[in-house]
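What follows is one structure encoded as C-alpha cells, with my remarks underneath.
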C-alpha cells in the first residue's frame, strides 16, 4: 500500500504576529526571530529529504521555504493557492481593534468555518482553493510514496490555510473544523495519505488521509498563536 507523507510548515514570526495584528494576505516580512525560527525548522525538516517544496508567494512563507530549500538542496516552487485566508476589512487591524469595531465577530469566525469577515474568505473558501493543489501533486508526483519512500512533499504556508486544508483532507464535518487550533510560527503538520488496498495508487479519491503530527516545532521560542 502506498503512503504519501505531506508536511505543511507555517512561516516564521513576523512583526504583525508579535503585535497581534491580523495579516491575511498582506505581504509582510519575517522578524529577526522569525528568520531564526525558519532556519531551525529547516534544519529539522531537511533531514527528511523533501521530495518537493511548494510555497505561498507571500514573503513570510517564501523566505521560510527558501531556508528549507537551501538546507535540503531542493528548489522552491510557488503556488498562490497557498496564500493565507483573505481577512477582508480586518487586514492590518489588531485583535483589539477588531473586537472594538465588531464585538463577538472574531469568536464567530473562530467557531464557524463557513463565516467570513466582510470582503474576506471563510475557511471553507480557503480549503476549496487549496485542495486542488494536493490533488494535482498526487497525480503529477509519481515518485511520492513510491517503493516505501518516506520523503515528504512540503507545503510552506500559513496557519489558517494549513488548518483548513488539513480539515478538508481528513474529511472532517465542517462543523468540527474549529477543533484544529492555532499553530505556532515555524511549526508544522504531517499527514499520511494511505491508498486503499484495492485502490488505484495514482487516484486521489482512493487515498485516506490520517493526521500524524500537529503543531510540531524546533522550539526556538514561544510565540504568538
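The backbone N, Cα and C atoms fix where each Cβ goes, glycine too.
Among the candidates 135, 158, the one that Swiss-Prot lists alongside 10, 60 as binding substrate is 158. Cβ neighbour density within 10 Å is lowest for 158 among the binding-site residues 10, 60, 158.
Between the CA atoms of residue 158 (substrate binding site) and residue 11 (active site, tele-phosphohistidine intermediate) there is a gap of 6 Å, rounded to the nearest whole number. Between the alpha carbons (Cα) of residue 60 (substrate binding site) and residue 11 (active site, tele-phosphohistidine intermediate) lies a span of roughly 6 Å. Rounded to a whole number, the distance between the Cα atoms of residue 84 (active site, proton donor/acceptor) and residue 10 (substrate binding site) is 10 Å.
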